[in-house]
Amino acid sequence: MSLLEAKAMSTLTNSTPTTTSVFNKGDFAVEFIKVAETSNSCSSSPPKPLLIATPTVKGSYAVVLFLHGFYLRNYFYKDLLHHISSHGIILVAPQLYEYVSPSGTEEIDSAAKVTNWLQEGLQPKLPENVRADLTKLALAGHSRGGKAAFALALGKVETSLSLKFSVLLGIDPVAGLNKYCRTKPHILTYSPRSFDLSIPVTVIGTGLGSQQKNCLSPPCAPEGLNHEEFFNECKPPCAYFVAKDYGHMDMLDDNPPGAIGELSSCLCKNGTGPRDPMRRSVGGIVVAYLRAYLEADDKDLAAIVGDPSLAPVTLEPVEFVPANKSS
């Protein structure tokens, strides 16, 4: 067990704070920056259009590459991205495709190219006096984007990466419609602790994602291909949080615009309450996990694991597996 994990587990066995600020907006003002893809070879142009959420206060900040879900738009996540960024984190959310979904392999390769662009291209796009610390680089994704994030971290990509990820976060990751219709590359092995990953991982799932909204729509996060199996295949250190009463799209903004936004709200079973508590819960867990493993500040993660009722939504189950525990 590392010193950090030993400290975290010690905290869990002692008193934990009754509140934790990660579930509220942070103190940093946030700016959204759109960066267009261009057809020329200019190094300052990203390989895909980007939405960047960044603090505006002078400082050096960790960076998260955030991959959107199937057919979704990066701006559907603005409230979630804003919450995370307000705690002092830069998020880069590429639009990996528009109306024609590529193969899973092509999608992951696009994410790899965006990753490589960060080294030279990100800093000039940021506000003055804001510095991206790419030694603290995390990878996150939702739904199919969550599966793509796992695949990228596992090296299932043709493009060689010039940067290393330090943390992986899967937000209700999904690997396909069913076991016979999975997105490529196939990364699930159905063997416990089989992912060949050496970085900390957290998986955030939804309790309603595996349920059908109606008899005509399949589950958006079917059993055997969802958060439960992804966590089952993670090696320690890893953590697992399930928002019991919320659905697969409930971390998106309220009423995402356009036809795709309307579809995102009607195809998946959703929770009956407002989405804001879900976004704050997901954002808070992400911030707490990044602080624990990028900043060696584990008090928020320890508090949430020790007392899940601190979150705005019901988290059940919650698991934290330190690095020295193999099962």
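Including glycine, each Cβ sits where the backbone N, Cα and C put it.
Per TrEMBL, the features are as follows:
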ACT_SITE  Ser143  active site, nucleophile
ACT_SITE  Asp172  active site, charge relay system
ACT_SITE  His248  active site, charge relay system
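A distance of 8 Å separates the Cα atom of the residue listed as 'active site, nucleophile' from that of His248 (active site, charge relay system). The Cβ of His248 (active site, charge relay system) has 29 other Cβ atoms within 10 Å, all protein chains considered. Most other Cβ atoms within 10 A: among the active-site residues Ser143, Asp172, that distinction falls to Asp172. Each residue contributes its Cα atom, and for His248 (active site, charge relay system) and Asp172 (active site, charge relay system) those atoms are 7 Å apart.
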